[in-house]
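Q: Encoded as C-alpha cells, here's the structure I'll be asking about.
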Amino acid sequence: MSDLCPVYAPFFGSIGCAAAIVFTCFGASYGTAKSGVGICATSVTRPDLLVKNVVPVVMAGIIAIYGLVVSVLVSDSLSQKQALYTGFIQLGAGLSVGLSGLAAGFAIGIVGDAGVRGTAQQPRLFVGMILILIFAEVLGLYGLIVALLLNSRASQDVTC
C-alpha cells in the first residue's frame, strides 16, 4: 500500500454510497409524510381531490430514486485496492446527491402540505403548487447531476 492507495480508501467510497441513499430517503420520507398529512386532512372535506393531490407524494418519491442511482453507481465501482482520490470523489458524490435530496424533500413536503390544503379551498392554486414543486424537485436534480459528474471522474488517471 502506498500513500495514494491506503487500506482505508474504500471506506470513504462506502460512506459516500451510504450517504447518497440515506439522506435522499430521509428527504423523500419527510416529503411524503408532510404532504401525506395534508392530503389526509383535506380528503375528509374534499375526497374528489384525492388523486389530484397525490402529486407531491410522487415527486418526493422521485428524490429517493436519485440517491439510489448514485448509490448503485458508487457501490459498483468500489474495490479493495482503491486510490484515496477515488474514495474522496465517491464521498463527495454521495454527499452531493444526498444533501441536495434532503433539502429538496423538505421543500417538497412543506410546499406539498400547504399547497394541498390551499387547493382544497381554492382549486386555482393547484397550478402554482405544481410550479413550486417543480422548482423544489430541481434542487435534487442538481445534486444528481453533480454526483454523476463527480463519479465519472472517480477513476480517471488513478492506478494502485
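Glycine is no exception: its Cβ is also placed from the backbone N, Cα and C atoms.
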Q: Any idea if LYS52 and SER75 are on the same membrane side according to Swiss-Prot?
A: no
Q: My understanding is the cutoff is Cβ-Cβ under 8 Å with a sequence separation of 6 or more in the same chain; which residues meet that for GLU137 (site 'Essential for proton translocation')?
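A: MET59, ILE62, ILE63, ALA104, ILE108 - these are the non-local Cβ neighbours of GLU137 (site 'Essential for proton translocation'), listed in sequence order.
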Q: Who are the chain neighbours of the topological domain 'Lumenal' (1-6) in space, where the CB to CB distance is under 8 Å and they lie at least 6 residues beyond its ends?
A: 81-85, 160
